[in-house]
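A.B. asks: Sequence annotations record features per position, and here TrEMBL assigns disulfide bond to CYS31-CYS113, CYS36-CYS42, CYS48-CYS58, CYS83-CYS89. Positions annotated as signal peptide by TrEMBL: 1-21.
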Amino acid sequence: MHRSTTAACLVLCAVLGAAVAQTVDDVTRQCLDCICQASTKCNTKLACTNAGPNSYYCGPYQISYAYWVDAGKPGDYPHFEGCLKDKRCSEATVVNYMNKWGTDCDGDGVVTCYDYARMHKAGRTGCPATWVDSTDYWDLFEQCMGGNQAGGLDARRVKPKT
């Protein structure tokens, strides 16, 4: 009986571990769609824009070169503009970035799509900033989410503040 209990426990632990790993790496479709809608209304034909120093953004998610690099330079393109104009590659960039840098921007103890949206707009170090709340981006994001605070994301738990 002891061996069967141990075996059952190992199987259960493996299944639960896989489920947790999937949750940690999961940026849901609704979350991606709403970030895209808020960024450009998901305009896949939008050209790269240069709004000044360190303000060159490309694609439907309006991603910068630094963001793409922080995300691990996904895609098979020789330069970031090619990746970011391709919706799938742009999405891979967002997912990689959030999986690497995802943090609890609003201090509620969980990482949700709302935190990802803040990070997408303000960057990984600027996401707690309140200026994001007064942007058209944030208004569009919240409208798209329709009050779904978690955004379909099984939010990963972060360490409580001590």
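Including glycine, each Cβ sits where the backbone N, Cα and C put it.
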A.B. asks: Just to verify a number: CA distance, CYS58 (disulfide bond) to CYS83 (disulfide bond), in angstrom, no decimals.
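C.D. replies: That separation, Cα to Cα, works out to 9 Å.
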A.B. asks: Quick one: pull the CA-CA distance for CYS83 (disulfide bond) versus CYS36 (disulfide bond), whole Å only.
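C.D. replies: It is 15 Å, counting Cα to Cα.
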A.B. asks: Would you say which of the disulfide-bonded residues CYS31, CYS48, CYS83, CYS89 has the most Cβ atoms within 10 Å of its own Cβ?
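C.D. replies: Within the set of disulfide-bonded residues, the most crowded position is CYS31.
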A.B. asks: Which of these disulfide-bonded residues is closest to CYS48 (disulfide bond) if you go by CA atoms: CYS31, CYS89, CYS113?
C.D. replies: CYS89
A.B. asks: Give me the count of other Cβ atoms within 10 A of the Cβ belonging to CYS36 (disulfide bond).
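C.D. replies: So the Cβ neighbour count for CYS36 (disulfide bond) comes to 24.
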A.B. asks: In whole Å, note down how far the CA of CYS113 (disulfide bond) lies from the CA of CYS36 (disulfide bond).
C.D. replies: 12
A.B. asks: Could you check which of the disulfide-bonded residues CYS31, CYS42, CYS113 is the closest Cα neighbour of CYS89 (disulfide bond)?
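C.D. replies: Among CYS31, CYS42, CYS113, CYS42.
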